[in-house]
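A.B. asks: Before we start, here is the structure in question, set down as structure tokens.
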């Protein structure tokens, strides 16, 4: 799949610093474009929720109800193999690659905010061996669809919140997956938060408000760029030192609009730095997988990367300060990213109600 992406996408042309546009949600790069790669047709991908690229293979998994196996995709998006998930998951929502060379499945879906534990599931796709690692939040249940596997082995979970800031959580004490108990539970700790403001990019099942909901995450092969997606946009965070938690909570990302997808949740970097994005079918035909060529390089223009551009909460324009203001009691690992703007509250409220309606369709009583 990674090879297919490289073969099918054209070279990306950016107009330079003038192409960056400030808005209430990151710094928009209007000339950066996703391109279609191939279109999956296998019913196992009807609820595609996670993508990952490992050892030259592209893996995909669906969420609740279709998350009993990871599938292997070729360059035409055909399913060429399956790897059974070694436990009965509740609701897998994302997938990443750990420094240990295994796939890590984020069994973190909790639309009803009712689970006493969530889980990470380690899976060796070659042998099929795996382990269950239960986790608990320190502040009650959360729904989460984004997993970021840092290069030091410390996983980050970014929650999917309506009307409030998205939480960023890691294993308590910054423990890596090498020291993760099985079956656990292991306590998580909140290391910060971020807010994503609404955009006008079309797409997703929730008008306007869907642009604020975090539905997936990915980390570049070298661990220096994190991507978070919503139903409509991708946000790229630069972390040259590999500290993704700090990047998420204290820096301004660049934003690239996604093609209109019915319910986009899956995202993954290729080894070459391109970014794949996929979507559920939402009851219709599956849409094509898309690729953003050179996604990693988009964060490296000094005029818009890192913390160089901060946005005013009132205007969405670049603010005078070049540092973020931490929330009360915040330290280096407990900041609140200030790059979004709390506008269109009514639209976000509608999003919350619509999301609540989706809850009942997608939730089911499964247990490990």
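Each Cβ is built from the backbone N, Cα and C atoms, and glycine gets one as well.
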A.B. asks: Per TrEMBL, which of 317-338, 339-360 is transmembrane segment?
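C.D. replies: In TrEMBL, residues 339-360 carry the label transmembrane segment.
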A.B. asks: According to TrEMBL, which listed range is region 'Disordered': 277-307, 308-338?
C.D. replies: 308-338
